[in-house]
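*Asks:* So Swiss-Prot lists the following for this protein:
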BINDING   52-53, Gln130, 176-178, Glu196, Arg201, 242-243, 263-267, 273-274, Tyr322, Gly492  NAD(+) binding site
ACT_SITE  Cys410  active site
Amino acid sequence: MDKRHDSSRRIIAPHGSQLSCKSWLTEAPMRMLMNNLHPDVAERPEDLVVYGGIGRAARDWDCYDKIIEVLKRLEDDETLMVQSGKPVGVFRTHADAPRVLIANSNLVPHWANWEHFNELDKQGLAMYGQMTAGSWIYIGTQGIVQGTYETFVAVAKQHFGGVAAGKWILTGGLGGMGGAQTLAGTMAGFSVLACEVDETRIDFRLRTRYVDKKATSLDEALAMINDANASGKPVSVGLLANAADVFAELVKRGITPDVVTDQTSAHDPLNGYLPQGWTMAQAADMRKTDEAAVVKAAKASMAVQVQAMLELQAAGAATLDYGNNIRQMAFETGVKNAFDFPGFVPAYIRPLFCEGIGPFRWVALSGDPEDIYKTDAKVKELIPDNPHLHNWLDMARERIAFQGLPARICWVGLKDRARLAQAFNEMVKNGELSAPIVIGRDHLDSGSVASPNRETESMMDGSDAVSDWPLLNALLNTASGATWVSLHHGGGVGMGFSQHSGVVIVCDGTEAAAKRVGRVLWNDPATGVMRHADAGYEIAKNCAKEQGLDLPMLKD
């Protein structure tokens, strides 16, 4: 019997202001762990899978139950240690120390590959935490919507004079991360055709309003796209088809999309990508009997897809890798020019990272959407001169359905994170909000990740693979008083290709919380400015000087 599967489980986090734990500092991680497994949030909650192939919230159901049990008894001077989804120890620390410290999927570099990890996983000795799955701060597909939106807006500016109307994006994948592409694309003004092999995922995105229409043939999908482009009103279409088949067929037909990308779970060829010609059931059976054959077939199909992406690029499509490591998989399968199209971070996002700007997110532990709407208004009040940000918040309120506990994401940087957090804490203190707020972020942030094929691709000083930076980030956030801190390996791009850290902090309205959030939410984005300034980026150097960062090696 698989201890990770239990179809009888239906996890819903408590709402309201009544505590189940001894304080909000332990109630918050409990609720956020549970929220990760909410049926409207997780991809396969019965298997503890939150998103991203096999990204889990806990190692197995026994470990999940024990984590909840420990959090309910944990004192405010104790810290729970979680090793790859398993609660392994409780230690006396102090009130400003994290209540939970998490390490997921970390392997000594020589053994940091899928083959070794999968053996450990089968033996119950490891868990793939992805980024926010095992660090308990996943908020559903909204978590990546704004980053994807910002990328597509940048694509429109760079390639189409800022006008996306009448243009369309071809992509693959409608899972927890990929599902953001359709909504983000239409928000940016593009129509989007997204290929997905799992019909239940398309239906999930339809239900949560991330996809507008479903198609079962390429001709039907193209007709929907053409009609939308003719009308000037963008549409998103989920096409039930294999991305490799569709991308290659468009090359054959001589049809060139305006933008081409992909967000299938290509980072995990065993569990995340369906080979061409295979059914879902066939793949599930083969994963049990011949893992090597599945991996080989999946990577061969990825090679077909990437070759098609290269040909579409040559035909004029703006083509970008969206961080799932599909170029690497194709390169390993013989597509030697797989890296001829860029990753999205160096092409579009890095200037934001240089100022510590990244995916700041917060969640209303009350479960009351009004708490989020009040914080939206506070953000506008405190950042009055940013119409782009205001437009994002307006669109998010109108078009993004909350999944599980109400949440918001908004890309802000070093100048704003700490003061927003302190304002939220004050709102809790004076009763404007009905319960505390938790603030976190994706591990995809400016100072918290080393990932040479994604966030740190093509660093100007060649330091792409240096992973001291996320380790320093985790250490500093721990020292600064975050509520829980995590250190992971392999998120986004798979085993051996990334190391990254996460941070979450509670705004419970106390003076102690005000001091903690002031430290954590200044220091955390400041490490991103530090990292990019150290690599030589002038934007980061200027930001560091303007904000008074003490960087000893930064020349005047």
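Cβ atoms are placed via backbone N, Cα and C, with glycine included.
Please situate the listed features within the shown structure.
*Replies:* Gly176 (NAD(+) binding site): 28 other CB atoms within 10 A of its CB, across all protein chains.
Under a cutoff of 8 A between CB atoms, and with a sequence separation of 6+ in the same chain, the neighbours of Cys410 (active site) are Gln146, Phe360, Arg361, Val379, Leu389, Trp392, Leu393, Ala396.
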*Asks:* Enter the number of other CB atoms within 10 angstroms of the CB of Glu196 (NAD(+) binding site).
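*Replies:* The answer is 29 other Cβ atoms.
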